[in-house]
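According to TrEMBL, the protein has these features:
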TRANSMEM  A:34-50  transmembrane segment
TRANSMEM  A:71-93  transmembrane segment
TRANSMEM  A:113-133  transmembrane segment
TRANSMEM  A:145-165  transmembrane segment
TRANSMEM  A:185-209  transmembrane segment
TRANSMEM  A:230-252  transmembrane segment
TRANSMEM  A:303-321  transmembrane segment
TRANSMEM  A:333-358  transmembrane segment
TRANSMEM  A:370-391  transmembrane segment
Amino acid sequence: MTAPAIRFGLPAIILVALSWGVLSLNTQGVAGRPLAFSLLLGAAFGAVLQRSRFCFYCNFRDLIERREASGVLAILVALAVGAIGYTAVFGAWLPTPATDRLPPTAHIGPVSITLVIAAFAFGIGMAVSGSCLSAHFYRLAEGSVISPFAILGAAIGFGIGFLTWNPLFLTITSNAFIFWLPHHVGYDGGLLLTLAVLAGLAALTLWWARAPNPAAAVPLSLREAVERIFIVRWPAVTAGILIGAISTVAYFRVAPLGVTAELGSIARTLGTDWNIVPSSLFGLDGLRGCATIIKEALLSNNGLFVIGLIAASFVTSILAGQFQPRRITGKDVVRGLLGGLLLGWGAMTALGCTVGVLLSGIHAGSLSGWIFLVAMSVGILVSLQVARLFARRLV
Amino acid sequence: MNNFSKHVAALAATVAVAVVPTMVMAQDDNPLVTVDWLAENLSDPNVRVFEVSVDTGVYERGHIPGAVNLAWHTDLVDTVRRDIVSSEGLEAILQQAGVTEDTTVVLYGDNNNWFAAWGAWVFDIHGIHDVKLLDGGRKLWEAEGLPLDTATPEYAASTIDLPDEAAPLRARLTDVLDVVEGGANVSLVDIRGPKEFSGEIFAPEGVQELSVRAGHIPGAVNFPWGGAVNENGTFKSAEELKAAFAAIGIDGSKPIITYCRIGERSSHTWFVLNRILGYDVRNYDGSWTEYGNAVGVPIENPTGTVWGRI
């Protein structure tokens, strides 16, 4: 058990630093307020991710291998709540969807074979490195020895993505199309359809899963409440509702949720400075998604969001006594770098990751989000199958 | 009657005196409205506010209540050929926004009204001659902490009819060549940054529209557009502007053509010189991306930068 001075002192220091960041950015007026808000949102997102272990890959694997439904249910609830929230915002911003317009800045991305390949590669990257990018960020705070290498690998993967972007764009991606559900069936139809598919998936999940043993009901005392907030994993539905709500608020105030824009931006800036990455990427400005631009300012909304995410997950993780690093092995380094490489390449080429394309995309009613979900799941399943074959052969 | 009032409006604009009788006479002879005036007159059905911002998504996340959004890269241009929106195109936009002959049209935007001024130029060309800008634009409205709304307003459609003939506020390449090669007595004002003007760089970092030659149109004087605004985003006073332009030989004694790289920033200077100072000004929206790419035209390139030379 960690010494109390560290267990409570470190989170306190991080919280003070976070608060100072928010307050000082807030005093910078019009330019600083969105940055402060992004930092806060990132912190909220990080805290929820860490407390509920909202990890796309781990949740999916738990369902496949252990027949545990709660993690996947959390994702489905998050998708449903966010879809409702987004529809409410869209109604105010673009009262009629039946035009050639799209709601501004929403991650309504292009659908193409490139997206399928990229999401498939991303799925393999998740299986190899043990989680997707958003989860690697919060798992840094749990002392994961793979995550630092996965993030490094992802930055390199982004660089490779920039190199392959132009040829891919010219051969495949330029034929991509945008499919926004409300354009075809209206806001109500789009939302109903989304909720129906999610309900179907939830039913399928529960059918496949084994019901957990019911936990003995403990009366809610102050001690029990503290335990449930700070130590025990948050319930799936609570986590899903919170993620959906954070996603809606983020879109309403700043931009859709996404965790790779800043990473991609750093990779592109470095790559351009070193003359490795082509200076112009065809069609990127016309496509929606976590577009990656050359950095102009040190502080960006997405950068602060990710900083807030990591900082807050350190707070909750240390408080819960879940910062538990183990000895690094060569295998960790290889898995991290290799998996990260695929994550980065996939995220660049798909114009986002599980959060940007899948979560924010499905919230927005974009077909690209669903395609990413399916191709990524296939990538994970194939990887798990291959891993099983290897394991058998080794025995 | 319609035609008559349009004639009157056209005449009024040329002498910079508006005569349209509305409830909001107070600022009618002024091309600018103040944030205080707009805040007080927002509920006036005869006032219609449009936002023209460079950044996508700023309008939706908070705009002046009741303002209609105009996307500069789709609403105000022809999306196929390089041209501003047609008279019919703008007419449809104005009808949908419920603008009538009696409406006071106010434009505002981010970045010191940069694209809002371009919008005003487009509106003026198509017959909305008394279009006004919100002095200080989005920047001042936000800085003053005035209320913002996120809902998109919908208005009952109007039946406004715009004239087919465009107002002569636009210069074409041939007009510019008349000055450079034909000796027409017109001043050229280049409002790009000094490094673009001198030819040191082809375009500011990160922009996509380029010219393969650096420098400026022979005879042009340089007045970076940002020099016309105060720190809070408002325009400098007419006296200050008059003096600043007089210092570089632009005093309104002869016609003026403004240009920049793609014609948007120079609309800001067009607004200053034409609407605020009342000079005879045309904006050359082909600007440097047309002129600097044109074959065989004279160019001044003081720094001698050569395209493609390493």
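Any Cβ shown, glycine's included, is placed from N, Cα and C.
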Annotated stretches the transmembrane segment (A:71-93) and the transmembrane segment (A:370-391) touching (3 or more Cβ pairs under 8 Å): no
Paired segments the transmembrane segment (A:333-358) and the transmembrane segment (A:370-391) in contact, 3+ CB pairs under 8 A: yes
The transmembrane segment (A:370-391) versus listed stretches A:34-50, A:113-133, A:185-209, A:230-252, A:303-321: most Cβ pairs under 8 Å: A:113-133
The transmembrane segment (A:230-252) in contact with the transmembrane segment (A:185-209), cutoff 8 A, at least 3 CB pairs, sep 6+: no
Distal contacts, the transmembrane segment (A:113-133) - CB-CB under 8 A, six or more residues away: 55-58, 139, 144, 146-147, 150-151, 153-154, 157, 168-169, 172-173, 176, 259-260, 263, 335-336, 338-350, 353-355, 357, 368, 371-384, 387
Cβ-Cβ under 8 Å with the transmembrane segment (A:34-50): same-chain residues at least 6 beyond its ends: 18, 21-23, 25-26, 28, 134-135, 137-138, 141-142, 234, 239, 242-243, 246, 249-250, 253-254, 257, 299-302, 304-313, 315-317, 322
Tertiary contacts of the transmembrane segment (A:303-321), as residues 6+ beyond its ends and Cβ separation under 8 Å: 1-2, 6-8, 10-11, 14-15, 17-18, 21, 25, 35, 38-47, 49-51, 134, 137-138, 140-143, 230-231, 250, 259, 262-263, 265
